[in-house]
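Visitor: Got a structure for you, questions after.
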């Protein structure tokens with residue numbers, strides 16, 4: 001009897017061990033996103049046949065169904081999410097995407113992760129064809145080997161980074177708002193993947209879609225891990241953290257001027273503050289979607305409303321431009337800086353959070369400017385080095401002569417990132433003193449400027465190109481700032497390119513607020529034309545921020561009609577550039593984005 005008891009006890013212990021082992025394995029699978037953890041969504045296939053759609057995600061017949069609004073049956077369908085996509089890229093240069101959670105859903109409880117997952121799923125179903133076009137354009141230009149695929153080392157870096165993020169979410173999302181929010185961003189990405197893979201369009205893998213949505217970070221990573229050895233020189237440095245070979249890339253066209261122009265203007269009568277951004281990029285990426293997301297989360301029983309509008313592109317969960325307006329009345333943008341000191345890349349490690357993720361996490365959590373830059377600074381990936389600008393419109397009262405007619409402290413913060421460091425500061429006093437803030441791809445902080453290697457570049461011709469105070473855009477912004485007295489003036493400034501007669505442009509279409517690399521000639525730029533330059537402008541103001549709205553234009557600048565519109569057929573140089581789905585000619589007008597419910 002005793003022996004039988006011991007035998008029973010041993011068998012019981014063994015069964016408990018096996019059960020715990022299985023649970024452990026299941027948990028490990030869960031943290032890496034076993035897709036079975038998300039609800040199945042039945043998609044009405046007719047959605048894929050229309051370029052513009054209004055759809056509902058409904059709970060009916062004991063399952064989630066994605067249907068056209070016209071198919072909605074009030075008696076049987078409980079609306080969970082609303083999605084709208086209007087593809088006007090051929091007529092205005094923009095698609096418009098609006099995804100909203102219905103908090104009044106009556107028959108089923110929706111978790112935060114499901115909300116986020118549904119958001120990504122709906123986006124990829126509505127924009128799947130554009131996502132496929134965007135990825136093919138991106139891969140054809142960014143991956144220079146014969147089959148246009150990323151290098152194995154790049155894939156390894158991103159897989160390791162994604163694993164790190166999912167690990168941290170799994171271990172900390174119950175106690176940390178940061179990792180809870182990160183988990184929601186990753187659930188949105190999972191929805192994007194699953195929604196796209198359920199579509200009839202040519203398949204893209206999870207890592208391909210992760211590469212696409214990480215396009216900003218890849219500006220650094222494709223340099224560190226080139227897909228073709230022909231793009232790198234013979235010198236390399238060792239990354240001490242992961243034994244990564246860093247290619248010493250000779251500065252190419254884009255390295256010289258990087259991305260974007262930003263400008264903030266306080267009107268002299270204190271009636272408004274304009275917040276404007278002009279994106280610079282290669283023209284193959286001129287597939288633009290303005291997005292609005294309206295979700296309602298809870299962290300530890302505390303409401304965490306997530307409302308954000310932003311300029312973006314197909315397959316991007318973030319902006320990448322970057323330009324955001326949040327429900328907390330924050331306006332956020334960035335311009336990109338270079339790294340000329342390659343030793344800094346030892347701090348570019350996969351055990352980190354990518355820039356696109358950190359920006360969206362900060363958008364989700366931050367209620368003021370100082371919080372935004374603080375949250376963004378955590379888990380620095382050392383990729384996509386930017387100057388971030390955050391303006392808190394809650395602290396601006398139009399026409400009210402506040403003490404000394406100035407913005408209060410903490411209204412305007414900036415953050416400048418390099419590998420291994422993010423420097424932040426409240427620069428409201430500078431904005432008050434100047435009446436404006438200018439940003440143009442050169443670090444503001446002297447310490448960041450020096451350690452990045454800019455100071456050594458000033459000895460190279462043209463020396464002005466690397467000077468914070470003397471580069472063309474700095475001088476143009478300072479000269480033209482006082483001319484901005486109304487919204488039309490601001491629109492003109494953000495599209496400004498008068499290179500033919502402006503002495504500050506040195507006769508080059510690159511040297512202005514919205515550059516036109518396609519207008520380069522041997523005479524004016526000592527190089528051939530290239531399909532790169534300013535591709536849009538977005539401007540918001542006090543009243544627009546209240547409804548997460550802005551005014552935007554898509555396409556290379558015509559400077560109010562004095563420059564020819566860009567067209568792909570204007571040069572044989574552009575004919576071999578893959579630009580699927582991109583309009584042939586860009587001659588669009590300004591568009592109103594919003595208002596969106598706030």
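Backbone N, Cα and C atoms are what each Cβ position is placed from, and that goes for glycine too.
Sharing the feature lines straight out of Swiss-Prot:
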CARBOHYD  50  N-linked glycosylation site
CARBOHYD  98  N-linked glycosylation site
CARBOHYD  173  N-linked glycosylation site
CARBOHYD  341  N-linked glycosylation site
CARBOHYD  368  N-linked glycosylation site
CARBOHYD  450  N-linked glycosylation site
CARBOHYD  480  N-linked glycosylation site
CARBOHYD  526  N-linked glycosylation site
CARBOHYD  576  N-linked glycosylation site
SIGNAL    1-24  signal peptide
Visitor: If you measure from the Cα of residue 173 (N-linked glycosylation site), which of the glycosylation sites 50, 341, 368 is the nearest?
Guide: 368
Visitor: I need the CA-to-CA distance for residue 50 (N-linked glycosylation site) versus residue 450 (N-linked glycosylation site), whole Å please.
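Guide: Residue 50 (N-linked glycosylation site) to residue 450 (N-linked glycosylation site), Cα-Cα distance: 52 Å.
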Visitor: Compute the C-alpha separation of residue 576 (N-linked glycosylation site) from residue 450 (N-linked glycosylation site), stating it in Å without decimals.
Guide: 39
Visitor: Using DSSP and three states only, what is residue 173 (N-linked glycosylation site)?
Guide: coil
Visitor: Find the one among the glycosylation sites 341, 450, 480 whose C-alpha lies closest to that of residue 98 (N-linked glycosylation site).
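Guide: If we rank 341, 450, 480 by Cα distance to residue 98 (N-linked glycosylation site), first place goes to 480.
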Visitor: Quick one: of 368, 450, 480, which glycosylation sites lie within 10 angstroms of residue 341 (N-linked glycosylation site), measuring between C-alpha atoms? Sequence order, please.
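Guide: Qualifying among 368, 450, 480: 450.
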Visitor: What are the sequence-distant neighbours of residue 480 (N-linked glycosylation site), meaning same chain, six or more residues apart, C-beta distance under 8 angstroms?
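Guide: 493, 496 - these are the non-local Cβ neighbours of residue 480 (N-linked glycosylation site), listed in sequence order.
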Visitor: Please classify the secondary structure at residue 50 (N-linked glycosylation site) using three-state DSSP.
Guide: coil
Visitor: Quick one: what's DSSP say for residue 98 (N-linked glycosylation site), helix, strand or coil?
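Guide: It is in a strand.
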Visitor: Within a 10 Å radius around the Cβ, which one of these glycosylation sites has the most neighbouring Cβ atoms: 50, 98?
Guide: 98
Visitor: To the nearest Å, how far is the Cα of residue 368 (N-linked glycosylation site) from the Cα of residue 450 (N-linked glycosylation site)?
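Guide: Cα-Cα distance, residue 368 (N-linked glycosylation site) to residue 450 (N-linked glycosylation site): 29 Å.
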Visitor: Give the number of CB atoms, excluding that of residue 450 (N-linked glycosylation site) itself, located within 10 Å of its CB.
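Guide: So the number of other Cβ atoms within 10 Å of residue 450 (N-linked glycosylation site) is 13.
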Visitor: 341, 576: which of these glycosylation sites has the sparsest Cβ neighbourhood within 10 Å?
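Guide: Candidates: the glycosylation sites 341, 576. Fewest Cβ atoms within 10 Å: 576.
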